[in-house]
Amino acid sequence: MLAHTALRNLASPSARLFSSSAARQTKVAVLGAGGGIGQPLSLLLKNDPLVTSLSLYDIRGAPGVAADVSHVDTASEVNGYPADKLDQALEGVEVVVIPAGVPRKPGMTRDDLFNTNASIVRDLAAAVARVSPSAHILVISNPVNSTVPIVASTLEKAGVFDPRRVFGVTTLDVVRAQRFLAGLVESDPAKTPVTVVGGHSGATIVPLISQTAYAKAVSGEVYEKLVKRIQFGGDEVVKAKDGAGSATLSMAYAGAKFTNALLRGLNGEKGVITPTFVKSPLFADQGIDFFSSPVELGPNGVEKIHPIGPVTAEEQTLLDACLPELKANIAKGKQFVA
Ligand SMILES: NC(=O)C1=CN([C@@H]2O[C@H](COP(=O)(O)OP(=O)(O)OC[C@H]3O[C@@H](n4cnc5c(N)ncnc54)[C@H](O)[C@@H]3O)[C@@H](O)[C@H]2O)C=CC1
Ligand SMILES: O=C([O-])CC(=O)C(=O)O
């Protein structure tokens, strides 16, 4: 039930946006704004009335993207920053979205991106710690299961880590789950909320179909295929793009959706609840201190971490497979910064 309300709140951001005109507005930075995700994400954020100012940074091409996006006739101002202007890009920023880093090619796992992306994310987090230490950081760069602990440990080292302000963006898993389930049961995806917990890679992605209104409509082989498709939706896109990268457009949509949810929470809207990968007590006793479960977003970021709720035996099996892999991914991220 909780998940239902939660995801319904997320389902129609535009309707909520237009009723929020009196809300406090916010300066948002996109680091990696010139990339496959960064460009459409910047466009979608330009279209979000809760964003006052958009700061676009990349080691390549951000001023051009900024000039282009700045012509869109919404109120926010847009500035683009080249490679040597990271600190300027982060000045006064309250929300930082990070899609910087390399994407997968066919045959790679997300963990194969670690060697390149770990240092990119660490260095960007160090800059946020230095220039805008109280900003909320939304991590898109893969492998999310490791890059989020990298950001947290980097902030911790700098003495500015607040667990309420660091988020791994797992919204694409929720978006896919809702789209795929809705396709099977012929419902409206916006009215087919699904909670997805765990992390963001293969077996660590755990959709809780039993908590949906359609639990009984999908069983046996149909259920198994649905779960696999949600867990490996990223691979589907990587394969179809055939060497040209991974999901960018659906990720930009998911990133903008999560950013809007956070902004609504920061603005004091109540009941904004969505899964996100955060520092979490849920499985900390098993040495897993980051986990995605439904999180209520509020004026300080994470307001409340909700438990995963009732699971079936099949879902427990999925969780049992998720936890050791997630634990190793988290440890790898922490170790990189230590
Ligand atoms: N969390 C999720 O659900 C998803 C995550 N991703 C991940 O997002 C990341 C980006 O993917 P794409 O946009 O497709 O890649 P891309 O290669 O098209 O764009 C990445 C951008 O990052 C920039 N960049 C590299 N180093 C940088 C630095 N130090 N500072 C600022 N910018 C830097 C590059 O210049 C490039 O413009 C990948 O790691 C990918 O795996 C992709 C899809 C879904
Ligand atoms: O599959 C990838 O590498 C990109 C990603 O995280 C996704 O699409 O879920």
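Each position is counted from 1, following the chain as shown.
Each residue, glycine too, has its Cβ placed from N, Cα and C.
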Checking TrEMBL, the member of Asp58, Asp68, Asp87 that binds NAD(+) with Gly32, Ala33, Gly34, Gly35, Gly36, Ile37, Gly38, Asn117, Ile140, Ser141, Asn142, Met251 is Asp58
Of Arg104, Arg165, residue recorded by TrEMBL at the substrate site of Arg110, Asn142, Arg176: Arg104
How many other Cβ atoms sit within 10 Å of the Cβ of Ser141 (NAD(+) binding site)? 30
When you average the Cβ positions of Arg104, Arg110, Asn142, Arg176 for the substrate site, which other residues in that chain have a Cβ within 8 Å of that mean position? Pro103, Pro143, Val144, His200, Ser201, Gly234, Asp235, Val238, Ser246, Ala247
Return the members of Gly34, Gly38, Arg110, Ser141 (the binding-site residues) with CB less than 6 angstroms from at least one atom of ligand 2, or none. Arg110
Run through the Cβ atoms and count how many others sit within 10 Å of the one on Gly38 (NAD(+) binding site). 27
Contacting binding-site residues, sequence order - Gly32, Gly36, Ser141, Arg176 vs ligand 1, Cβ under 6 Å: Gly32, Gly36, Ser141
Quick one: average pLDDT across the domain 'Lactate/malate dehydrogenase C-terminal' (170-337), no decimals. 98
Which residues in the same chain, at least 6 apart in sequence, have a Cβ under 8 Å from the Cβ of Asn117 (NAD(+) binding site)? Gly101, Val102, Ser141, Asn142, Pro143, Thr147
